[in-house]
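**Q** I grabbed these lines from TrEMBL:
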DOMAIN    52-229  domain 'GTP cyclohydrolase I'
BINDING   121, 124, 192  Zn(2+) binding site
Ligand SMILES: Nc1nc2c(ncn2[C@@H]2O[C@H](COP(=O)(O)OP(=O)(O)OP(=O)(O)O)[C@@H](O)[C@H]2O)c(=O)[nH]1
Ligand SMILES: [Zn+2]
């Protein structure tokens, strides 16, 4: 068994499966856009201008004066910040994995726990953030440990609901590695439930997605939950 905190660790490396591109052509988010591929719009001058204009309109709607000194650069800052916070739309699983799949003949659980993430809820475009725990049981092949955190990052940096985010991470790993199983648990606090609306600071939403052996075998699932239940104590 391998357990890693979110700072990651090294592993011996020898690039493997040439058919990775084919394997990950199964888009993990294929079901989230009415069966269509997600529409990805690379940033352009024109979109930036439109976004900045929209922010100005918001400022006016709030009763603010977009011409006052403190707000002059705000439309540009907000547009740039939103582009960054949704930069996961412009990434692909293939680029992210970058061939870092290794044939280690390993068949025990690999878990990277306490991966911090920040996302935006698609209902209010307000942040939700927390920790992800990602585990899999390899079928010979392992993936570079940092790639688990990168997968979390790519899907988090989009407009999301927590349940879909959790499932996309699990399905992506399943598609890339074809392991015996994948388990993902995400614990998050939603600003739309804290700062507004029902206003419940301290509430945590926990979602999970279990694939393969984690779904089928109670014992494997229990082992995973036991490993993430306790705080990591090394650092
Ligand atoms: N299932 C799920 N719901 C979410 C997530 N993020 C936000 N929501 C919820 O989306 C719902 C949207 O409800 P609406 O009634 O359409 O919007 P609203 O009037 O702003 O709702 P309130 O937040 O209750 O004030 C709310 O219940 C939010 O808590 C998420 O990741 N998963
Ligand atoms: Zn929300």
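Backbone N, Cα and C atoms are what each Cβ position is placed from, and that goes for glycine too.
Where the annotation comes from TrEMBL, it is an automatic prediction and has not been curated.
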**Q** Which is it, of 121, 192: the one of these binding-site residues whose Cβ has the most other Cβ atoms within 10 Å?
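**A** Top count of Cβ atoms within 10 Å goes to 121.
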**Q** Cβ-Cβ under 8 Å from residue 124 (Zn(2+) binding site), same chain, 6 or more residues apart: which ones?
**A** 191, 192, 196
**Q** Restricting to the domain 'GTP cyclohydrolase I' (52-229), what is the model's mean pLDDT?
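**A** Reported value for the domain 'GTP cyclohydrolase I' (52-229) is a mean pLDDT of 97.
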**Q** For the recorded Zn(2+) site, whose residues are 121, 124, 192, find every other residue on that chain with a C-beta no more than 8 angstroms from the centre of their C-beta atoms, and list them by sequence position.
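**A** For the Zn(2+) site, the extra neighbours are 120, 122, 123, 125, 126, 128, 190, 191, 193, 197.
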**Q** When DSSP is mapped onto helix/strand/coil, what comes out for residue 124 (Zn(2+) binding site)?
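**A** Residue 124 (Zn(2+) binding site) sits in coil per DSSP, no helix or strand.
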